[in-house]
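Working notes, structure below.
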Amino acid sequence: MSVLLLLALCTLATGCGASYPPQPATIPSPLLSLDCNSSYVLDIASDILQDINRDRNDGYVLSLNRVSDAREHRQGAGLGSLLYFTLDVLETGCHVLSRTPWKNCGVRLFHESVYGQCKAIFYINKEKRIFYLPAYNCTLRPVSRRVVFMTCPDCPSTSPYDLSNPRYMEAATESLAKYNSRSPSKQYSLVKITKTFSQWVFGPAYFVEYLIKESPCTKSQDSSCALESPDSVPVGICHGSKSQSPQHPGKLISVTCSFFNSQAPTPRGENAAVNQRPANPTKVEEPQQQNTAPTNSPTKAVLKGSVQYLPDWGKKPEDSQEKEPVETVPVQLDLTTNPQGEPLDVSFLFLEPMEEKLVVLPFPSKERRSAECPGPAQKDDPRLLPP
Ligand SMILES: *[C@@H]1O[C@H](CO)[C@@H](O)[C@H](O)[C@H]1NC(C)=O
Ligand SMILES: *[C@@H]1O[C@H](CO)[C@@H](O)[C@H](O)[C@H]1NC(C)=O
């Protein structure tokens, strides 16, 4: 380990090769492979996921299932490290707008599971107390209907983000109408549907989750009110369902809603929410844009990343003779393709002027990951783990 470290440092420092006698045949990668089950790695993985969830305005909070790969690239003196992490994740039941920490959110039941992988590049400078996520990308996929059918033929089985069936919209609008009819004064309107399921119970049943906003109309104005609210900030999320059966010719509607408390000001000011970090990463300028757009670009989030949703592998249970396909969740995250690396300007994170730049490398492939990776999984189910 210490030899590896020495080699890694040597590739960064010039003139080091002369003092290091046996010249290796190939230039070793400056990336150190870390133990995916170490508390160092698990703590960083937890922070990364927290930052990813905080950066998103769409979808559900992701929780850590296991660390798949973790590499560290130590930078020059006083510059800390760039980390390359690959995390296997599971979707939880909390919407990201609830801003609930992922550790407080339960993962979904097996038949509703959405699993996937995130790649992240994370910058740590303990000396300067900087923890910063320059880039991430995630890919998610629902557990396949075919697998659900094999283990639980009666479970709800529709793709979790299928809006093609108009019944889901019906379930949303009718369940929200029921909620509004019970609300003493305030009325709410639909922002969008975020999750769908269907199930055959004694007849078709449709389940939806949807975001709601406050409606400017009050209850007394009733259905005649056609005011549109000026903004559409979601204030909460509802779970609604609509089902029918021969025994109950009338439709059955159920609804529960919960409200986000993100609007409430934090008791001790905004800093309380950012883990005592010196610079609030969401408030600094986009580093990549400084070259291309030197104009007065508004201070906006530097965090760069997205979550991609792939469809179900969707094989019908009938063609189960054919070989099980290898399910993949490809995630691309490359700030550079140059094997020598490229400079990454993070000077905006430092209070004092900073000349040196970090070196960012192409994201490492998992071929040379440590023997201690992947780490143990919270849900050790091969159907919920990327290969
Ligand atoms: C993130 O993924 C998208 C595709 O989902 C890709 O277009 C984009 O280049 C990726 N970002 C980086 C930094 O590689
Ligand atoms: C991971 O670490 C925990 C705590 O240190 C330990 O109990 C567990 O056995 C480790 N698991 C593996 C697979 O190494």
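Quick reminder: no glycine exception, Cβ is built from N, Cα and C everywhere.
Automated prediction, rather than curation, is the source of TrEMBL annotations.
Residues annotated as compositional bias 'Polar residues' in TrEMBL: 287-299.
Under DSSP, residues within the compositional bias 'Basic and acidic residues' (378-387) fall into helix, strand and coil as 3 helix, 0 strand, 7 coil. Residues or ranges marked as compositional bias 'Basic and acidic residues' in TrEMBL: 378-387.
The annotation domain 'Cystatin fetuin-B-type' is assigned in TrEMBL to 25-139 (among others). Residues in the domain 'Cystatin fetuin-B-type' (25-139) partition by DSSP class (helix H, G, I; strand E, B; coil) as 26 helix, 55 strand, 34 coil.
Mapped onto DSSP helix, strand and coil, the domain 'Cystatin fetuin-B-type' (150-258) counts 25 helix, 45 strand, 39 coil. Residues annotated as domain 'Cystatin fetuin-B-type' in TrEMBL: 150-258 (among others).
According to TrEMBL, the feature region 'Disordered' maps to 265-302 (among others).
Under the heading region 'Disordered', TrEMBL lists 363-387 (among others). Below 8 angstroms of C-beta separation, residues 29, 31, 33-38, 41-42, 63-71, 84, 86, 88, 90, 107, 110, 113, 115-117, 119, 121, 143-144, 147, 326-329, 333-334 of the same chain, each at least six residues beyond the ends of the region 'Disordered' (363-387), sit close to that stretch.
The annotation signal peptide is assigned in TrEMBL to 1-18.
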